[in-house]
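As annotated by TrEMBL, signal peptide applies to 1-28. If you look up TrEMBL, you'll see 153-189, 338-375 marked as disulfide bond. Taken from TrEMBL, the feature compositional bias 'Low complexity' covers 199-220. The feature region 'Disordered' is assigned by TrEMBL to 199-226. The feature domain 'Lysosome-associated membrane glycoprotein 2-like luminal' is assigned by TrEMBL to 225-365. For 383-406, the entry in TrEMBL reads transmembrane segment. The domain 'Lysosome-associated membrane glycoprotein 2-like transmembrane' annotation in TrEMBL covers 385-416.
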């Protein structure tokens, strides 16, 4: 955790801001704002990213996803009171800002509006942008929360305006905090209420035994998952392709679960960069399942990282990240394929079984897979097939040759008799 202690903001007292580094694809931001008496007045913790399309000087269109906020500043964040609203203000990058305004009434406080400003004059983020300048997207929200309740929305929430997509998840916020203490009463968004009470994907679970001799349980076998096709686009061009059946194996609180991902109810998104590529899956149960690919030695790619946060059958949240993996290795310009079942071991508590896998996170041409490099399991099988065919043909040739020799011998015997 990296914490920043800033000078007092007029009317709000001392500001203590903590930035908790998250996965490669996003940051978890946490804000603790105190008043002049050093009492907590505003608390917020959340994750977000932004996807912005823009026109280039060559009249083509590109899309950029902003998820790395570097070292942000929080100038302009204020506590608010009965007469004045509260505000979260975040500045990052070169000319980027994000502002949320709150208002208060007798029994509720409201998230009034969200404003996001971005700078197309930043050549690093928007290379070759045709129009330069700062653009702002304003969104009226008017979402009411009971006073002295903390608002929670772990599920993905999306705002779209002027083709700019704003994604928010793992949101915990309380404005106008009473008595300097964050409330223990949670006010849930509709998606979280649905998710925690109805689970569309029901995992196979076996309760842990009451004896202490066996620390974990083994789930009963589950059928092979359906195969889904996923893609990521950079503008109008496909930059990542993935086809696979996914089965998640989770051990949490001594209970093992097997969860098949249903591609028909699974959303997907991601981003492509010269050295990294991201495929993110999400559903009502899965907040995010990230596959992060990387280039190595300038001529090969591999699966470097997996991040997951998901709801289990008992309503608890399981989260884990591993950025030191080495799976699905193949040359750049090709795809990786493994039809046989394969296991990606993210940790001792989390593994992913893949079926009929094919991925290409870089150098996709015309939206189609390039020649595949097969996994060793498939290669061994393919090697045995021609060997078996060769043996069979050799055996057939021997049988034909022996039959021919026997036929000739009988023919000669017949002539001698005459």
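Placed from the backbone N, Cα and C atoms, the Cβ positions cover glycine too.
Curation does not apply to TrEMBL; its annotations are automatic.
Sequence-distant contacts of residue 153 (disulfide bond), defined as residues of its own chain at least six apart whose C-beta falls under 8 angstroms from its C-beta, comprise 168, 169, 171, 188, 189, 191, 192. It is 189, among the disulfide-bonded residues 189, 338, whose Cβ has the fewest other Cβ atoms within 10 Å in the structure shown.
Residue 375 (disulfide bond) counts 21 other C-beta atoms within 10 Å of its own C-beta, drawing on all protein chains shown.
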